[in-house]
Amino acid sequence: MKAVVLTVAVLFLTGSQARHFWQQDEPQSSWDRMKDFATVYLDAVKDSGKDYVTQFETSALGKQLNLKLLDNWDSLSSTVSKLREQIGPVTQEFWDKLEKDTVSLRQEMNKDLEEVKLKVQPYLDEFQKRWQEDVERYRQQVEPLGTELREGARQKLQELHEKLSPLGQELRDRARAHVDALRTHLAPYSDELRQRLAARLEALKESSSLADYQAKATEHLSALGEKAKPALEDLRQGLLPVLENLKMSFWSAVDEATKKLTTQ
């Protein structure tokens, strides 16, 4: 039952923080989410990519081209892992700096969320109470009909359906009325929350700290680019044998086709 109330609350509270509004645990940091996603994605690409390379090399075309992709796959995977290791610390430093610079803003927003939560909690409690009462009333009305069905014959199914339909419709109507009432009560607080968030962001936009942050972000991105250059060069060098094999196979195929045409 609590899940129903929490779901309804989320429907009426806007903003990216709404999904953490009722959470007791600390949300995962942006860096952790990005790092986990990148790791899973790259590992999946690496594993599935090797499978595709194996299938290609065992095919008729792969045997004819003889690119020897698998011979270079491990070195390429090692180069990609090295690239991740070199870029990782710089990226983590960037996210850590971002979280540190916005700690004050996040504290103020959390304070606003807590204040709004306290104001809307009575309405949520009332909604839960009325919903539970309606569900219990519906259960009491349906229970005798279930007993009647068990004791009756199959032909009474249609009669039971006719009796249940009005009760189900009544429950839906009452639930809809409760939701409408809850929406009416929560609307002012939802507007208040949006206004507070807009004010916080406007204050951040007008403050000098935003310009400082933009400069620092540019600096971090430049450092990230410099860190990535050696690893990207290693990746390019690792791809050269594959490209060279591909070029040789292409020209070999062209020469063979030319010879066949001239002999005909």
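Quick reminder: no glycine exception, Cβ is built from N, Cα and C everywhere.
Feature annotations, reproduced from Swiss-Prot:
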type	residues	note
SIGNAL	1-18	signal peptide
REPEAT	67-88	repeat '1'
REGION	67-264	region '10 X approximate tandem repeats'
REPEAT	89-110	repeat '2'
MOD_RES	Met109	methionine sulfoxide
REPEAT	111-121	repeat '3'
REPEAT	122-143	repeat '4'
REPEAT	144-165	repeat '5'
REPEAT	166-187	repeat '6'
REPEAT	188-207	repeat '7'
REPEAT	208-229	repeat '8'
REPEAT	230-240	repeat '9'
REPEAT	241-264	repeat '10'
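Taken as a whole, the repeat '5' (144-165) shows an average pLDDT of 66 in this prediction. The DSSP breakdown of the repeat '4' (122-143) into helical (H, G, I), extended (E, B) and coil residues amounts to 22 helix, 0 strand, 0 coil. For the repeat '6' (166-187), DSSP puts the residue distribution at 22 helix, 0 strand, 0 coil. Secondary structure counts, DSSP: the repeat '7' (188-207) has 19 helix, 0 strand, 1 coil.
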